[in-house]
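Marked as ATP binding site by Swiss-Prot on the basis of sequence analysis: 335, 336, 337, 338, 339, 340, 341, 342. Annotation source Swiss-Prot lists domain 'Smr' at 710-785, citing sequence analysis.
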């Protein structure tokens with residue numbers, strides 16, 4: 001397929017819209033590389049994969065593809081022995097998580113019997129590396145930061161580091177609390193300069209604290225000093241930070257080495273996930289356009305029902321039926337230049353490119369489109385200023401190139417064929433070019449405003465005329481395509497509507513030859529009759545649709561009634577059973593106690609009475625109630641006919657009858673697949689309206705149950721408050737009436753912060769310090785509402 005044609009028909013704009021539905025750069029890249037296929041089997045497969053994606057979207061609403069990243073460059077670095085940073089490792093882990101989720105997601109669909117031959121096979125290729133995924137999950141977070149859980153050594157280093165930092169802060173805070181602080185310090189804050197904790201000291205008091213000056217303010221009035229008392233602690237902190245960095249590098253190198261053993265598997269998983277993203281993007285794009293999967297023809301047959309141009313406003317675009325390849329292989333659309341004829345050409349051409357690219361098309365169900373080896377288009381003014389060619393020469397150069405390449409598997413779209421030269425010669429050339437195109441076996445749709453070509457559709461058995469309807473009242477085209485009706489001149493009617501004198505119009509009519517006038521009158525009459533027939537057909541179809549809907553609604557209500565009845569009976573039975581089981585358990589306990597009393601010598605308790613009471617209790621259990629099976633209303637046996645909608649019982653799939661092979665067998669179209677099916681395996685159905693899918697989301701808790709106490713000792717202030725917030729949620733979910741928060745005694749800063757936070761928590765009823773046995777004021781007891 002020529003790139004030039006893709007540009008003329010604006011296929012690049014379709015691809016740009018399609019990229020908006022991709023979830024990753026991998027999906028976007030696949031879309032950018034998308035091109036129409038010409039092999040019929042390939043087109044079938046790409047259409048089927050899109051249909052399977054659409055089926056999944058209908059059933060589940062979405063697929064777990066979020067989090068997919070292009071990691072091919074990371075894998076290349078591993079291949080040459082390099083190490084990855086934390087973010088790169090996280091991205092590989094994210095892809096492994098998406099691989100596992102996608103495989104489980106697909107397995108769930110396949111287990112409930114959803115037919116997904118292509119996507120099912122694709123998911124089978126995904127390899128789940130759960131251990132590798134989990135190792136990454138406990139080692140790095142989504143920002144690429146290495147977690148404390150990555151190694152015991154790192155956890156110990158960071159714990160020691162936090163304690164050291166707390167000691168530094170506590171020492172510096174003592175300076176801030178000093179009674180002379182307001183006099184000697186510019187501000188009562190602890191800050192950091194050169195990665196060391198400092199306090200802002202006024203210039204005149206710099207000798208009071210000793211230590212090291214790390215910075216000064218712009219005015220020079222404030223010095224940022226590290227007091228001598230914390231120099232050693234800060235040095236210790238720096239040493240711990242160096243150890244932390246060293247341990248992080250070791251962890252990243254270790255994980256990189258372990259990932260290097262799985263390069264091929266991760267590479268393949270990422271490629272497969274990119275395919276999934278691309279396929280789901282096609283499916284979501286089709287859903288947004290209200291598009292359908294077309295039937296495919298390998299014989300040049302096109303039958304588009306209510307086809308719409310996908311780049312025009314969906315609320316305003318006029319849908320048209322376009323058919324070609326059965327009764328005729330050439331359509332000549334005649335009429336004035338303002339009639340929207342070019343839109344018809346572009347609609348057919350663009351929908352062909354979309355279908356051959358595996359995309360659904362904006363048309364109605366049961367539309368058929370042909371798979372062509374070549375699509376040629378001579379549309380618009382492609383005049384080349386560099387070559388100094390005229391409009392006519394430019395078009396003719398293009399047409400010559402087309403006729404050299406065309407074959408019987410080609411679709412040619414000619415816009416204003418023969419224009420740009422003398423009308424008589426132009427019309428003659430147009431006829432000759434159409435004949436030459438037909439002789440090559442091509443399917444052709446051409447537009448022209450030459451009246452001489454109106455006769456072409458009548459004089460050639462392989463051709464038909466068409467036109468775009470024009471509304472004389474509004475002086476504008478309706479953009480409705482009328483196949484079989486040639487375009488007519490509206491000059492006299494338009495002139496009259498615009499106020500031209502009737503005398504002038506009458507004189508003009510007299511100058512037109514009788515044959516032309518009669519032809520225009522005939523075309524006008526034909527248009528009126530066609531419009532009337534279409535109106536009556538639509539009304540009849542609407543009435544039939546209404547009757548079908550009434551029948552379906554009635555059958556649905558009957559089914560719902562019986563289902564509701566059975567559900568209520570089942571609920572009542574289950575409730576009764578629960579009550580009896582509870583009573584039975586209580587009775588068993590009483591009987592057990594009575595037997596104990598009997599053994600201990602109690603009088604008046606007889607064994608046979610206990611057995612009899614237990615038997616009566618067992619008989620009190622409700623019996624299973626048989627569900628009502630609703631019987632479908634009896635209908636007269638249906639005589640199958642071509643075009644009937646049917647259900648293939650053995651497959652559980654819907655299809656359409658194509659033709660009868662024998663009394664016992666039919667050819668059935670199921671999606672894009674044609675199959676031979678036994679008549680006994682068919683059930684007649686009416687097409688149903690698409691039902692809105694209700695998406696049910698289940699939320700499951702995971703992880704270990706919350707403990708009844710939270711130990712914050714050794715935690716930094718900010719980290720501690722975050723842990724308290726998370727812990728309270730977990731404790732509430734676990735149902736604890738009260739919990740203990742251990743913060744230690746220390747300076748009281750952490751205790752004060754925790755207390756203030758708890759006072760403002762909406763689920764906390766009361767707080768108190770622990771009793772002596774509970775830990776004293778180093779523990780806060782929290783009671784929930």
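Residue 1 is the first one shown; counting continues down the chain.
Placement of Cβ uses the backbone N, Cα and C atoms for every residue, glycine included.
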Cβ atoms near residue 341 (ATP binding site) (within 10 Å, other residues, all chains): 26
Sparsest-packed of the listed binding-site residues (335, 340) - C-beta count within 10 angstroms: 340
Model confidence over the domain 'Smr' (710-785) (mean pLDDT, whole number): 82
Helix, strand and coil totals (DSSP H, G, I; E, B; other) for the domain 'Smr' (710-785): 35 helix, 19 strand, 22 coil
Cβ-Cβ neighbours of residue 342 (ATP binding site) (radius 10 Å): 17
